[in-house]
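According to Swiss-Prot, the features are:
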DOMAIN    19-198  domain 'ABC transmembrane type-1'
TRANSMEM  25-44  transmembrane segment
TRANSMEM  57-74  transmembrane segment
TRANSMEM  81-97  transmembrane segment
TRANSMEM  146-170  transmembrane segment
TRANSMEM  179-198  transmembrane segment
TRANSMEM  210-229  transmembrane segment
REGION    231-504  region 'Ergothioneine binding domain'
Amino acid sequence: MNTLIDTFTVRKDELFTALVQHIQISFVSLFIAVLIALPLGIYLTRHKRLAEPIIQVAAIFQTIPSLALLGLLIPLVGIGIVPAIIALVIYALLPILRNTYTGIKEVDPALVEASRAMGMNKWKRLYKVQLPLAMPVIMAGIRTAMVLIIGTATLAALIGAGGLGDLILLGIDRNDNSLILLGAIPAALLAILFDFLLRFLEKASFKSTIITISAGILLTAAIIVVPYFASDKKEITIAGKLGAEPEILINMYKLVIEDETDLKVNVKPNMGKTSFVFNALKSGDIDIYPEFTGTVLETFLKENAKTHDPEEVYTQARDGLAKDFDMTYLKPMKYNNTYALAVSPEFAKENNLEKISDLGPVSDQVKAGFTLEFKDRSDGYKGIQDKYGLTFSNLKTMEPKLRYNAIKSGDINLLDAYSTDSELAQYKLKVLEDDQQLFPPYQGAPLMLTKTLDKYPELKKPLNKLAGKITDDEMRKMNYEVNVNGKSAYTVAKDYLKDQGIIK
């Protein structure tokens, strides 16, 4: 409890910002869903043949996994708040649509006939009789949708939309339960609060409900429109993948750019995995992010490294990006954050493990825990199978940070890692030598669209100040400061740049 209170004290400003973002996303999504589902539900009560097929389509949409839906939306609308809202609206449609249709359909036919006998036309019957009587059922659907939206909105953090999911993802990444709770508890309380408010609205008069919904529509429009008029034309956005290391790097980029130019830099840490961030760059939703040479070849260019020489691998990656994607890849830093296989110290000692080839005789004892990306890469597990002839029958896939918890608890004894991971030292893991030279060099460098550099040519000089800087050991220590000692990535980045004389 004390740790949670301490975390709250340190991060209360971040919590407030995330809470406001979460409410904005949830509020906008709910009202757009109501604007779509309520009229559609009314329409279906008058066209009953279409009702079941359309409601079934809404049900099918709700079964699409949220991560898959976000992944499909990114190439179409980019990253940020727009795809998050679209996804949340899709998930919220079913309960509102079904309850609107059911609520109106179950109004006592005798009352409808009585209103017809009094000379009311179909619109008056709807407004004066059917909707007021159906409103409790409709509001129950809206309440269900609201709770669903607030819970699912935590995933918006994966695509840079912000919200309480930022704190939850950061907690998972840092293995910090207090951070996870700092995001999860407000999300739960928010769901309870909104449910209470909507329950109160459910008991209000029909006229009051309509006025409230109308006010909500105007507020929604304001939330969507105002930020566009307030945007800063001289602002650039630098994003990073999940993890402490990308967050340190993007803060370095921010600091060197703002030190030498008049550009304002907005950073978006922990945006998501490789495909999310790269697609965001392609669509122009972000301007720069740090990418690694080996990832460029394997994931984007679908090429094997022609050599293991770092300079030649960088040149191959740089030229391929320029040709295939019209992107500029600036000079890389010194450290090589390549893949590695690491085992628990006990397993290494028991079996005298020094290099990857040593796993052959004990492969039946291996309990491997790999990331999904590593398992699917030709320079990952597929390469291990091809080049080393190793297949692990007991293999689980999991999120990057969960692997270290799993090896600590003994659930696994082998994992994939990056050579600069602070956890290698934290958990005293044994890194196995890549004796067959499977893993290519992975040097990080700023990646951007060529048109971005054409627009802001002043970016090149400050960013190239990081070229050839940061050794493996320095990066590992910086990661340790963030992941283990709890320092902010911004502070660690600033301290390094000042120590090196790169900024004043």
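Using the three backbone atoms N, Cα and C, a Cβ is placed for every residue, glycine included.
Comparing 25-44, 57-74, 81-97, 179-198 for CB pairs under 8 angstroms to the transmembrane segment (146-170), the maximum falls on 179-198. Through the fold, the transmembrane segment (81-97) approaches residues 24-26, 28-30, 32-34, 36-38, 40-41, 44, 54-55, 58-59, 61-62, 64, 66, 69-70, 73-74, 138, 141-142, 144-146, 148-149, 152-153, 155-156, 159, 161-162 of its own chain, all at least 6 residues removed from its boundaries and within a Cβ separation under 8 Å. The region 'Ergothioneine binding domain' (231-504) scores a mean pLDDT of 92 in the predicted structure.
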